[in-house]
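Presented below is the structure to which this report refers.
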Amino acid sequence: MSDIADRVKKIVVEHLGVDEDKVVESASFIDDLGADSLDTVELVMAFEEEFGIEIPDDAAETIQTVGDAVNFIKGAV
Amino acid sequence: MFDLTGKTALVTGASGGIGGAIAEALHGAGATVTLSGTREAPLRELAEKLGDRAHVVTANLGEAESLAALPKAATEAMGSLDILVNNAGITRDNLFMRMSDEEWAQVLDVNLSSVFKLSRSVLRGMMKARWGRIVNITSVVGATGNPGQGNYAAAKAGLVGMSKSLAYEVASRGITVNCVAPGFIATAMTDKLNDDQKGKILGQIPAGRMGSPEEIAAAVLYLSSPEAGYVTGATLHVNGGMAMI
């Protein structure tokens, strides 16, 4: 679990250029971390690559927060 | 003048006069090119003429499977895909009242929907690279209309709106999306016109002559270049002044 969460956090920090301590489970990519809609598409692409998974569009839409991403990826790997 | 060394480009409709000239211009500026079209022989011939850095992938953009395989094959052959030139197009001219659903659908499929699908599939690589060029070949008739070409004009005008929308979405990622709109260009197709037909056409063109495929290719080369990085959502009209828009 912590491994996945750490890797997700690292990707989010790198991609959005935000402080690590802001990337908490409840943080919304758009509302709290300043992502635009294209950033969220790119984050999903980065997750797919990092974890070797496919995230279909309807699932991607439900991934709003850091915790959402970690939970989805835990179920998919 | 423009240097595309290290860049990779896919040109659709490269077996035609304009597409072939575009591929030659990009290749001449140092790009690796993939030539695509339905007919293999003229593509091979052009690839041989170009020499190194030229690949051939045949595809029928009217067929879903063939269309989906094209960007993958081109990316595999070249290692990346930095520049997409959507040049392929067909005509199924008919008077509006006589135009069949099939004539309408075929032209919209190949000239508009295939461009949407190809562009969508190359965006991922361009977004990662933070660099990309999409150049769509439209037509003066997309802006002016043309009797007998309701389907063709609709598809070409559709490309302009689509390009602008996509240009908005990806501008912040270093990707530009533009159109080049040729007027009357001397190709195998216009060679078939008789003198009377040619005379009528030339009467509408202030420059007094048809354009050459190389003059279209030069516009595409510019929009593909690093120097054109601040030009996006634009349509460059190359028509000898026949429509100043």
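Cβ atoms are placed via backbone N, Cα and C, with glycine included.
A quick note: this is a predicted structure, and the numbers were derived from the prediction, not measured.
Some features that TrEMBL has for this protein:
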DOMAIN    A:2-77  domain 'Carrier'
MOD_RES   A:Ser37  O-(pantetheine 4'-phosphoryl)serine
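Helix first, then strand, then coil: DSSP counts for the domain 'Carrier' (A:2-77) stand at 50 helix, 2 strand, 24 coil. Long-range Cβ proximity for A:Ser37 (O-(pantetheine 4'-phosphoryl)serine), meaning a same-chain Cβ under 8 A and a gap of 6 or more residues, is found for A:Ile30.
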